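Listed in Swiss-Prot:
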ACT_SITE  LYS19  active site
ACT_SITE  ASP148  active site
BINDING   PRO106, VAL107, ALA108, SER109, GLY110, ILE111, GLY112, GLY113, GLY114, SER115, ALA116  ATP binding site
Amino acid sequence: MPEAGLAEAFGVTEEARAKINLALHVTGQRADGYHLLDMLVTFADCGDRLGFLPAQTDAFTLSGRFGEMLAGDGGTNLVLRARDLLREQFGALAFPVHIHLQKNLPVASGIGGGSADAAAALRGLMRLWGMSLPVEALASLALKLGADVPMCLESRPLIARGIGEEIEAVPDLPAFAMVLANPLKGVSTPEVFRRLTTKNNSALSLAPGLSGSAGWLAVIDAARNDLEPPARQLVPEIAVISAMLQARGALLTRMSGSGATCFGIFASMAEAQDAAAALHGERPDWYFQATETVSGGM
């Protein structure tokens, strides 16, 4: 369904922006097994889209390039879990709703698609139902859906620590022209963490007063994604796709999250668009998307 069609068919629509881990440091592990992370996160101007409409009974429909991959996932889909959790808060006032998810992002690909969808569902349903929750209550509810959901609620540049629930805005982070690239190979997040050789790595360090793309690019380049080496063991195509981005002129390449999506930062959107088109020509069966990330000032 085209974006214009979604807006016409559904009275309330929300964007679920792709979440990009510019840096991800694994700094420890809690007694309950959750890993402690330091992350520099931003969000892209591409992603999934959700539509919401009053209905006689609850309904959930899918479209988009990757929609079929979620078909039959009604028991575990985060959008439906978000609906049900929010309905517990609002009770009978939360009338039945038809939710449509236009799934444009690859599934389980390290760019927060499911978490962003859940966050967009929370935002959209509150608008449709004409209700709201206090900020802290909404953040607590979001965390029940997953560690990434609170930051996806924000959808702006931030630093996330702990398991992802300790969030701090980064107002000075600039926008970046970028290509997202994914070989469409699944990566098991638990297996990636299991293969980590060290789990008590150095924390993310950001100098105060950073400004400008060049300064931030140097900081990001000096940082790392501790999950990339084990992910490359599981999916060798990650190394291939990173090299392809570099060959097309990327200033910096890195894997996002637990993979397999990689990003390449380019000097301009024109260069990013040219690179994405060329890469798609080389591998039309893979995913390439030129995009621009949001700035801290938004």
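The backbone N, Cα and C atoms fix where each Cβ goes, glycine too.
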Checklist line | Alpha-carbon spacing, GLY110 (ATP binding site) to LYS19 (active site), which is rounded to whole Å | finding: 8
Item checked: Environment of PRO106, VAL107, ALA108, SER109, GLY110, ILE111, GLY112, GLY113, GLY114, SER115, ALA116, the listed ATP site - residues of the same chain whose CB lies within 8 A of the CB centroid -> ALA18, LYS19, LEU105, GLY257, THR261
Note to self: Measuring Cα to Cα, how many Å separate LYS19 (active site) from GLY112 (ATP binding site)?
What the structure shows: 5
Next item on the list: For ASP148 (active site), find which of the binding-site residues ALA108, GLY112, GLY114, ALA116 come within 10 Å, Cα to Cα.
Entry: GLY112, GLY114, ALA116
Note to self: I want to verify one value. Collapsing DSSP to three states, which class is LYS19 (active site)?
What the structure shows: strand
Check: Tell me which residues of the chain lie with their Cβ under 8 angstroms from that of ALA108 (ATP binding site), as long as they are six or more apart in sequence?
Finding: GLY114, GLY186, VAL187, THR189
